[in-house]
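TrEMBL lists 153, 228 with the feature active site, charge relay system. The annotation active site, acyl-ester intermediate is assigned in TrEMBL to 252. TrEMBL lists 202, 228, 249, 250, 251, 252 with the feature substrate binding site. Residues or ranges marked as domain 'Amidase' in TrEMBL: 107-550. Among the features that TrEMBL reports, transmembrane segment is placed at 20-42.
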């Protein structure tokens with residue numbers, strides 16, 4: 001009996017063990033299958049979102065094209081080439097004077113935008129509501145931008161439309177109302193008519209994303225238009241817009257303006273309202289984003305700033321200081337005291353950048369301005385403060401990562417333990433440069449040197465010429481010339497002054513950079529093949545001296561026009 005009981009007990013135990021093995025195996029397989037299903041389902045949902053966004057874009061383009069054809073058939077007398085050739089100031093004058101009608105200007109620019117987009121893929125959606133606004137535009141004839149078509153960057157809110165920032169998680173979330181900038185533009189008679197492309201998450205100075213694809217440079221399709229306001233740069237540089245609105249947190253207005261051969265202006269942060277705009281780094285306070293205009297010339301930038309800095313904006317957003325545009329400062333012709341440096345000791349300018357800067361300096365001196373060399377130190381660690389948002393991976397979930405971001409995000413995806421080890425290893429270096437992390441102290445140091453030299457403005461290099469595609473993600477280190485003025489919150493703008501010559505390209509072959517390291521070698525590869533591309537310089541002023549910065553930009557522009 002005892003033997004019988006033991007045999008049965010062993011069989012029961014063995015059977016139970018087998019059952020648990022089966023149960024655990026089935027659970028593991030089921031869990032794995034569920035995870036695979038959820039991943040597949042998530043990707044399928046993301047794919048559907050992308051397809052809906054692409055369909056909306058295509059529908060808007062087709063309807064816009066039909067509207068243009070109908071207008072052209074009923075208005076064959078419209079001189080489109082003349083309209084597209086006018087500067088913003090001249091266009092505005094002719095609209096107000098009645099020489100041109102808002103309808104003719106609007107359809108001329110929509111037609112040109114469609115043509116430019118076919119070549120460059122710079123638009124995310126035509127705003128079909130703009131035709132409704134066109135019908136009622138007569139009530140806004142007193143506006144400073146009456147009848148002017150304006151393009152806007154994807155992240156600037158427009159009622160009923162997504163502000164995707166190039167990430168899937170922001171699709172199918174249309175804005176419930178216009179952003180303050182759009183409201184004020186409409187109040188001043190402007191007609192926002194198209195949204196433009198951006199890099200995924202806005203945290204790159206390339207211009208491509210998995211939703212809308214890659215945008216090309218208007219001067220060379222093998223080159224990037226820059227970013228993150230790259231669609232704006234490409235559209236304006238290609239002639240499809242006379243005025244656009246962008247945003248800048250590390251050079252995102254100035255870089256595409258430089259790469260595409262147009263003028264761009266980053267005002268002091270909060271000079272223009274950011275209410276109603278979308279972001280992928282909300283809550284980041286180390287370096288503030290700044291919204292500003294992009295146009296063909298400096299007068300266009302100034303006219304836009306004058307229009308936006310009005311009582312209507314100050315009422316809509318009371319957090320913006322109620323400081324109207326100072327036309328007297330902008331129009332002043334008094335000689336300037338100009339600071340100047342050619343190399344920040346971090347990223348050596350390309351041969352074309354250095355030449356353009358020296359030519360600008362010589363022209364300014366010959367015009368009676370005083371140029372001196374202040375001792376300004378670049379904040380090398382500010383890159384980390386801008387480009388490592390805590391929610392970087394969260395916003396990229398549920399879809400593919402754009403090629404321009406893959407290299408950039410490798411370090412962000414390291415395991416927490418590895419990051420801790422690295423932080424211990426580099427801590428002595430961080431401590432040695434601790435002054436860089438206190439932006440206010442750094443700002444006061446720079447301003448003290450500024451006052452010591454009795455400067456009005458500063459002339460410095462501007463990144464360029466345009467890079468070959470996919471290099472911006474590998475070269476965040478090259479942002480020192482632009483991001484410094486985001487950290488300091490100084491207004492800064494870009495003026496194109498030259499183009500890359502064959503001699504510049506030959507000299508580039510021998511470029512070693514400041515250190516001859518990996519990043520210097522990558523930079524040479526990034527800008528190779530740039531003959532004929534535009535080259536710009538950067539103009540800077542102290543905080544809240546936006547009009548003085550624009551006045552300096554206008555002087556640089558005037559001197560080069562006279563030289564030509």
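The backbone N, Cα and C atoms fix where each Cβ goes, and this holds for glycine too.
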Exercise. Other than 202, 228, 249, 250, 251, 252, which residues of the same chain sit close to substrate? List them in sequence order, counting a residue when its Cβ is within 8 Å of the Cβ centroid of the site.
Key: 203, 205, 227, 229, 247, 248, 253, 255, 289
Practice problem: Could you check the recorded positions 228, 249, 250, 251, 252 and say which one's CB has the fewest neighbouring CB atoms inside 10 Å? | Solution: 249
Quiz prompt | Between the residue listed as 'active site, acyl-ester intermediate' and residue 228 (active site, charge relay system), the C-alpha gap once rounded to whole angstrom | solution = 5
Practice problem: Quick one: pull the CA-CA distance for residue 249 (substrate binding site) versus residue 153 (active site, charge relay system), whole Å only. | Solution: 14
Practice problem: Check the Cα-Cα distances from residue 228 (active site, charge relay system) to the recorded positions 153, 202, 251 and tell me which is shortest. | Solution: 202
Self-check item: C-alpha spacing of residue 153 (active site, charge relay system) relative to residue 251 (substrate binding site), in angstrom
Solution: 15
Quiz item: Given the model, what does the mean pLDDT over the domain 'Amidase' (107-550) come out as?
Solution: 90
Quiz prompt | Euclidean distance between Cα atoms of residue 153 (active site, charge relay system) and residue 250 (substrate binding site), Å | solution = 16
Quiz item: If you draw a 10 Å sphere on the Cβ of residue 202 (substrate binding site), how many other Cβ atoms land inside?
Solution: 28
Quiz item: Are there residues of the same chain, six or more positions away from residue 153 (active site, charge relay system), whose CB falls under 8 angstroms from its CB, and which are they?
Solution: 195, 196, 198, 228, 229, 231, 232, 244, 245, 246, 247
